[in-house]
Amino acid sequence: MGILFAALLAMTNPHLATGQIHWGNLSKIGVVGTGSASYKVMTQSSHQSLVIKLMPNITAIDNCTKTEIMEYKRLLGTVLKPIREALNAITKNIKPIQSSTTSRRHKRFAGVVLAGAALGVATAAQITAGIALHQSMMNSQAIESLKASLETTNQAIEEIRQAGQEMVLAVQGVQDYINNELVPAMGQLSCEIVGQKLGLKLLRYYTEILSLFGPSLRDPVSAELSIQALSYALGGDINKILEKLGYSGSDLLAILESKGIKAKITYVDIESYFIVLSIAYPSLSEIKGVIVHRLESVSYNIGSQEWYTTVPRYVATQGYLISNFDDTPCAFTPEGTICSQNAIYPMSPLLQECFRGSTRSCARTLVLGSIGNRFILSKGNLIGNCASILCKCYTTGSIISQDPDKILTYIAADQCPVVEVGGVTIQVGSREYSDAVYLHEIDLGPPISLEKLDVGTNLWNAVTKLEKAKDLLDSSDLILENIKGVSVTNTGYILVGVGLIAVVGILIITCCCKKRRTDNKVSTMVLNPGLRPDLTGTSKSYVRSL
């Protein structure tokens, strides 16, 4: 039943079937969609420990490399000591909280507390990172066990399993070079050359370590490292590292492209020269029904002015709902849009009307200089503002002109198979749009200003008008106050006086009218004295009546 309803809905409303964005009307004002993708959000990460062993095992060539090793240790100390001091400043001021139950007087772990008075100044990010750092740190027994294991291994990648804990992966970026190149060549090379070769390799490795952890010297507690950045310190074989860490699945490529695998420094040992990292591997959760659309705008001309429609770069749709989309925490991959946090937030009703096809709700702004797209390829057709850019049919060599009553030109294969626009030659396909958009056919939206200077000027004008309106309101309030101050008696006297004047005026007008009527009758009798009726043979009573 639900499937049947959806099919009927799609047939009766085709725009609803393909989404709530009215691409047909938007294309008339130069807005086209350039792509759509699913929406995935990173959820809670799983953590695993990774150890970077900075000092290789040189037992086989120890006699030839003492000088180079001493210099290498000195260089490592310049990087490791500041990081160790910053980590200790946070971790030594974080204490576990223990609570006692009311029924049984035994203590149990309840959380951690930060000694803010001893720490002094710390940002919210540093405090949060410090708490997470404390929770992911190894205990002293695990550290000592790790040291013993690292001293005996001579492998580039070693899986170290500790009692009661998960596997720890230890990596040494120079060990393969020592095992596979220097040790076999000990019989052919002099001791001095072996030392020089190792010194150059260690110096290069130190440079990679410095470029990786150098930015962390400023704030090693909250600094995060991507797995791509770690690849050099891990010997360059990132695929082998990911395999050892157990990272696989269909989302691995998407997570790598979005740089979702992060590492944070949790421990630094300046005696044994190793760094412990906590690797966070997120899982992806696809939000069903949400589609992220990417938009582009093409400028159009109204007379001599060039405009473009102001719309967001990305929007999201889910059913009938259209929302804004913040692409800042997101990465766009072939598998979809991957965000580290929710990037959808509400859109104003007016802008939603714009996307649903009401072009009068779409704001527009002037194009400044040469900024803005003047052509774009959509559905194989070229949508161009040929009033602002030269459009030429490459096939015939003729110029494609745009009449003043047109705002955009749509070029397809039936008009010109190969088009040259803006110095670019494009082969277009069959027609998907009308040949042009006429100005009288479009209800354009209100003009707005986006430049800081224009916005400031418009704001100053608005403030000036508000000040003038305020002055007028103050004047009207003053007049109203004066009217309220007049007493009721004075008002009554004024009304009585006005009434008497009106009555006297009416009487004077009435008398004047009567006098004028009498004067008219007298003048009529004087002007016709000879007109007398013939009364011969008429009775006296009739004459008297006359």
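Glycine too: its Cβ is placed from the backbone N, Cα and C atoms.
The region 'Fusion peptide' feature in Swiss-Prot is assigned to 109-133; the stated evidence is similarity to another entry.
For 134-162 (among others), the entry in Swiss-Prot reads coiled coil.
The feature disulfide bond is assigned by Swiss-Prot to C330-C339 (among others), with similarity to another entry given as support. Residues within less than 8 Å, Cβ to Cβ, of C339 (disulfide bond) and separated from it by at least 6 positions along the same chain comprise Y39, K40, V41, M42, P329, C330, A331.
Residues or ranges marked as disulfide bond in Swiss-Prot: C354-C362 (among others). Other Cβ atoms within 10 Å of the Cβ of C362 (disulfide bond), summed over all protein chains shown, number 25.
Secondary structure at C391 (disulfide bond), as computed by DSSP, is strand. The disulfide bond annotation in Swiss-Prot covers C386-C391 (among others), and the record cites similarity to another entry as its basis.
For C393-C416 (among others), the entry in Swiss-Prot reads disulfide bond. Secondary structure at C416 (disulfide bond), taken from DSSP and collapsed to helix, strand or coil, is coil.
Look at Swiss-Prot and you will find 458-483 (among others) tagged as coiled coil.
Summarising the annotation, Swiss-Prot assigns topological domain 'Cytoplasmic' to 513-546.
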Near C391 (disulfide bond), how many other Cβ atoms are within 10 Å of its Cβ? 23
Sequence gap of 6 or more, C-beta under 8 Å: which same-chain residues meet both conditions with respect to C416 (disulfide bond)? C393, Y394, T395, T396, I400, V428
Can you check which residues sit near C354 (disulfide bond), meaning Cβ under 8 Å from its Cβ, same chain, 6 or more apart in sequence, and list them in order? L26, V311, S361, C362, A363, G445
